[in-house]
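As written in TrEMBL, here are the features:
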REGION    1-30  region 'Disordered'
COMPBIAS  7-30  compositional bias 'Basic and acidic residues'
TRANSMEM  37-58  transmembrane segment
TRANSMEM  70-91  transmembrane segment
TRANSMEM  103-124  transmembrane segment
TRANSMEM  160-180  transmembrane segment
TRANSMEM  186-207  transmembrane segment
TRANSMEM  262-284  transmembrane segment
TRANSMEM  304-323  transmembrane segment
TRANSMEM  360-378  transmembrane segment
TRANSMEM  384-403  transmembrane segment
TRANSMEM  415-437  transmembrane segment
TRANSMEM  443-462  transmembrane segment
Amino acid sequence: STMRERKRTDPLRPTDPHHSSTDGSEGKEKLRLKREVGLISGVSLIAGTMIGSGIFMSPEWVLHHMGNPASSLLIWAACGLLAMFGALSYAELGTIIKESGGEYIYILRIFGSFPAFIFAYTSVILVRPAGLAAVSLSFAEYAIAPFYPGCSSPQVAIKCTAAACILILTIINCLNVRLATSVMNIFTAAKLLALFVIVVGGLVLLAQGQTQSFQNGFQGTTAGVGTVGVAFYQGLWSYDGWNNLNYVTEELKKPEVTLPRALMIAIPLVTCLYLLVNVSYLAAMAPSELLSSGAVAVTWGDKVLGSWAWLISLSVALSTFGSSNGTFFSGGRVCYIAAREGHMPDILSMAHVRCLTPSPALLFTSAMSLIMIASGNFTSIVNFFSFMAWFFYGMTISGLLYLKIKKPELPRSYKVPIIIPIIVLMAAVYLVLAPIIDQPQMEILYIGLFVFSGIILYFPLVRFKYHPRFLQTVTLHLQLLLEVAPTTRDAN
């Protein structure tokens, strides 16, 4: 059939690949993704994805919604703390359910098929491609900014460059997992160096007495419930990626050790850097200048580095390209795992027979991202992405609380204090409801209609397993064209 049904002996454990085969072919060699991601690559995947476009584009929007520098810095610190709490909660889930797929696989194993399908349908078609599109658009904006000095870059050039970025990443990720992780490691080092330059520049300015932006720092603070929620959206966008390692659990070396360690190194590092970079921006610019800047880091470079300001545009372009690679790497895995569980067309669950990469899933994610680039803009994509992401983060965290209370006997190598997931769940509920209550928008209605369309598709295609015959023919031809074959999971 075009969508495969999976049998499980335990609701939280997949069938052991050493005792059964995905395709019923006992004794035959099984095709699996390789375990190529170690501790350094894990830290690079988290930090490299988190440090992308957000810290170079979101500071002005956080300041705009909060009204003053001091409260905006508090938002940045609170976002880092929330990301750390969320990551620690996910670390425990990752040691209980040792499968790739992140939220999707956790929702599937804990709540069942229907909510997992809704997540996969929403994430694969909209949420993940939207995140990739937003980062690629910001990469394009900084990459071509030096070619249009003194004026805004044309939208056509920005969108074509963003599309080229996604196509290059598609090729890299389809060729080799090790190549993709090497790109992540190199670009993570480059972006950390760029942020270090900005931090040092800011400290020098502070030492010279440029502290005007911090005087009367809380004056004019905005206190609206919905406004603070939107400010959190923009800040948390910069921290997005804290959960990326959970998407590739089956590709981690010693996941029970690597997963918690990588999280505890990467997220505090990124949080400290973000706070220091924001302080540097405010040392170089008055709040009014920061608010009027279309590209905060470039404006900072013009003021502090003078003729060397082009280095900042280059560094930001490198940073956002590396972040796009991390987003693409993990986003394609969600599509692949959902297809492997029978919630997406079967072709998306296959891997290239030589490269051992989930190339059909990566190609599909690429195609959806290109559609997003053609039809959207950065700010609207970020708000849409954040709303949907935190809805499903909240659902996943509630699943962890259920396991902690109802199934404490399940083996796990790491435990998080129960108060931490409770705080994350409360924050998720606030982030989903506050903007709806305070500033309802038409986009929420569109999201509701899209989710409803997923409900309509679920019952014939998944629940009652109606699979049109032509899809089998299409799958066969695509399998031959793309040189891919079915895979089995490796959850040991």
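Glycine is no exception: its Cβ is also placed from the backbone N, Cα and C atoms.
When Cβ-Cβ distances under 8 Å to the transmembrane segment (262-284) are tallied for each of 103-124, 160-180, 186-207, 304-323, 384-403, the top count falls to 186-207.
For the transmembrane segment (415-437), same-chain residues at least 6 beyond its ends with a Cβ under 8 Å from one of its own Cβ atoms are 82, 85-86, 88-89, 91-92, 225-226, 228-230, 232-233, 236, 383, 386-387, 390-391, 393-394, 397-398, 400-401, 404, 444.
Between the transmembrane segment (186-207) and the stretches 103-124, 304-323, 443-462, it is 304-323 that has the most C-beta pairs under 8 angstroms. Segment contact is absent for the transmembrane segment (384-403) and the transmembrane segment (304-323), given fewer than three CB pairs below 8 angstroms at sequence separation of 6 or more. Within its own chain, the transmembrane segment (160-180) is flanked in space by residues 33-34, 36-37, 132-133, 136-137, 139-140, 143-144, 251, 321, 324-325, 328-329, 332, 352, 355-357, 359, 362-363, 366, 369-370, 373, which lie at least six positions past its ends and keep a Cβ under 8 Å from the stretch.
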